[in-house]
């Protein structure tokens, strides 16, 4: 830890305090995440350290780079490249009645998908995507942060400050207790984030797991085996759920054109097996008029 100096506390993440810091030798500004774990007496599990070390290999222009993993007094510090603004703060800063330019919405979504494809190709899920862990710079680049941390540390029910971890972006299969979920959980989250980038308000803002599920059901109709084979056998599915018929996506999401709504609907399909993949989403006509040559990862390398 002697190589780095803390400058100031900049926030509290899911797993602990985040500081702005500096690498003393080079002057590089970094983000330092101090990880606090539920059962701290036992120290940091070696499995977590192994998982985290693998994340150093996730190098892509749309993924926040993990520069270093350090231990000090049995505390784990993750050192990341520093970006000063997250998507949530940015959306909150836009004056009432104003929205992001349609082309910037499109560019952000395309870049988020590029980042997720890179990780999914390496069998790394995010599991906890939300506007707070999408970081942006002043040049229109967006990067995914906190990749793989959910697998290394688990997703706690509460942030260590006792603030409840948000459920707004969580896929229905996770809410219903599926243990065999995969890459489609991230696509669902990205769909809900897409709607929020365009309209500046969360698409489904439940305050508990059941409320979250009901808000999704009000829009899409209550899921059953007909639309989603075997959903009724998931552990948290109840036959007593209210039977909603479902409404219209266009009525609930503002500032997205017809092509965008078509893509969004495909990202929010109930059945994970029928939900569009991130790779297929990139080929959707919604992106036809986006100038991809200027994007930082315009050549995706697998």
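Cβ coordinates come from backbone N, Cα and C, glycine included.
Note that the structure is predicted; figures quoted are calculated from it, not measured.
Together with 10, 11, 12, 13, 14, 15, 16, 17, 18, Swiss-Prot lists one candidate of 33, 56 for binding ATP, that being 33. Report note: the ATP site is defined by 10, 11, 12, 13, 14, 15, 16, 17, 18, 33, and the residues of the same chain whose CB lies within 8 Å of the CB centroid of those residues, excluding them, are 34. Annotation for residue 18 (ATP binding site): spatial neighbours 9, 10, 11, 12, 31, 32, 33, 34, criterion Cβ-Cβ under 8 Å with sequence separation of six or more.
Neighbour count (other Cβ atoms within 10 Å of the Cβ, all protein chains): 15 for residue 10 (ATP binding site). Between residue 16 (ATP binding site) and residue 128 (active site, proton acceptor), the C-alpha separation comes to 15 Å. The full span of the recorded ATP binding residues, 10, 11, 12, 13, 14, 15, 16, 17, 18, 33, taken as their largest Cα to Cα distance, is 14 Å.
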